[in-house]
Amino acid sequence: MENLNTTSTAALTGMTKQENDASYAVLLIADFTSIIGCTLVLLGFWRLKLLRNHITKIITFFCSTSLAKDLISTILTLIEKKQSNGSFQCYLYATVITYGSLACWLWTLCLSFSIYNLIVKREPEPEKFEKYYHVFCWVVPFIMSVIMLSKGVIEVTGNWCWIGNTYVGYRFGLFYGPFLAIWFLAAVLVGLTSRYTYKVIRSSVSDNKDRHMTYQFKLINYIIVFLLCWVFAVINRIVNGLNMFPAWVSILHTYLSVSHGFYASVTFIYNNPLMWRYLASIILIPFTKFGYFVETQQRLEKNKNNNNHSPVGLSNNAQNNNHHHNHNNNHNNNHNNHNNNNNNNNSDFVNNDSSNYYTASMIESFSVQNENSKSINGADNFKQNGASQQDDKDSPNSNNNNNNNNNNNNNNNNNNNNNNNNNNYNNKDIEPIDNCNTNSIPMDNIATRIEIPPQHPTLTPQQSLQEINLNDDDNKINTHQSNKKKDSNV
């Protein structure tokens, strides 16, 4: 912002008129891009219900704070051309910078703590910390702003009003000191989280290491953005304290610090496939009116509620998973039909959905459901279902009812498989949606899906599944033959 006049501003900053004009233009560009980025994130969170969870609440508060700060700053930059030290506009500008920046930093720290709490500590109720977050993120900046206003240290400092160049102690005590402390704590929390997930990755037998490295990057990219956007601000203030005012450092300070909201928004969008598919499908709509990107827009539109990674077309992994899933369903149906022919003679058989067991036991999501205290993996469900059915095996009436239900379920499974095959044929561009509760945190918000090794260490997942089904067949046949022998002896 141009304050007082060009000559006095240049004298205060040590920059020429051309350098000061360039800094002013950079400031406006940074303000507008930050406003656009935060608005897009808030729009996406408002429109996409799958993104409404504890983590995205924190991101929403960060973007809301940054948006309010940038809006007020932009208005003051555009309308207040001639300010003087001690004016209301000058004090307002300084307060907006101090309060808004500190609040954004603290929300970033809360985001780091929440991710650590969810992944490492497996906190079942992360929402209980939100009230403390609000007190922490709103009260601390307020205290710092009140101290700044009460000390009379606000002056015109170039493109904005803030703590004067001669008050280096107040600058670092009220602003850059807390910044360094917040960044250090956030980096420690992210480091502990990354170390934990890295150990899980190393202990797995998954070959998909590249994808896991992508998840690792998503855990730390927002803290990298946090550092890069403010590192030149720290450098510039240290240099200013030495009575030096290099123009290029000041311009980088202006652009990056004001653009923190924009780059943080880009990071949040990148970490959420749901978000960028939704936004990309909207952005491409005008181009489709002229015949451009029609197929791409249609694919993004179909997959905008899909939390998988590849937005355009069906990836090879997705195709293999679809083929494997359909093969398992067909195998299970044949297996269930064979079981139903012997249910009257064999009451000890337990009907299980092997494909669900395989899917749930091989993939674990580090997500905490809103209504459940702990996430239960597929293997636990498998055991619980088996135990509950074993408890009912001694009742003849329940056996007859179970046989009828099994027959109906098999018919439904056959119909569902036919429908699935038709859907896969007709919707080749739609990727399979992850098998997760919609109330749980989307995996790509915090990038923490870790594959669990197969139950048998020497078999592939496909062989493990076949072994499960073959063992069930053998157990059923052996039991059936033993029952026949008992009947013949009688």
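Any Cβ shown, glycine's included, is placed from N, Cα and C.
Keep in mind the model is a prediction, meaning the values are calculated, not measured.
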Inset, instruction - Among ASN85, ASN352, find the residue to which Swiss-Prot assigns the annotation N-linked glycosylation site. - result: ASN85
Inset, instruction - Please indicate whether the topological domain of TYR215 in Swiss-Prot carries the same name as that of PRO273, placing both on the same side of the membrane. - result: yes
Inset, instruction - May I ask whether the transmembrane segment (95-120) has at least three C-beta pairs under 8 Å with the transmembrane segment (217-235), counting pairs 6 or more apart in sequence? - result: yes
Inset, instruction - Please figure out which one of 24-43, 58-78, 132-150, 174-192, 247-271 racks up the most CB pairs under 8 Å against the transmembrane segment (95-120). - result: 58-78
Inset, instruction - Please list, for the topological domain 'Cytoplasmic' (44-57), how many residues fall into helix, strand and coil according to DSSP. - result: 11 helix, 0 strand, 3 coil
Inset, instruction - Would you mind checking how many other C-beta atoms are within 10 angstroms of the C-beta on ASN85 (N-linked glycosylation site)? - result: 13
Legend entry - Outside the transmembrane segment (24-43), six or more residues from its ends: residues with CB under 8 Å to it: 1-2, 59-60, 63-64, 66-67, 70-71, 73-74, 77-78, 159-160, 251, 254-256, 258-266, 268-269, 275, 279
Legend entry - Cβ contacts under 8 Å made by the transmembrane segment (247-271) with residues that lie 6+ beyond its boundaries: 13-16, 19, 22-23, 26-27, 29-31, 33-38, 40-41, 44, 59, 62-63, 66-67, 69-70, 73, 101, 104, 108, 158-159, 218, 221-222, 225-226, 228-233, 235-236, 239, 279, 444-447
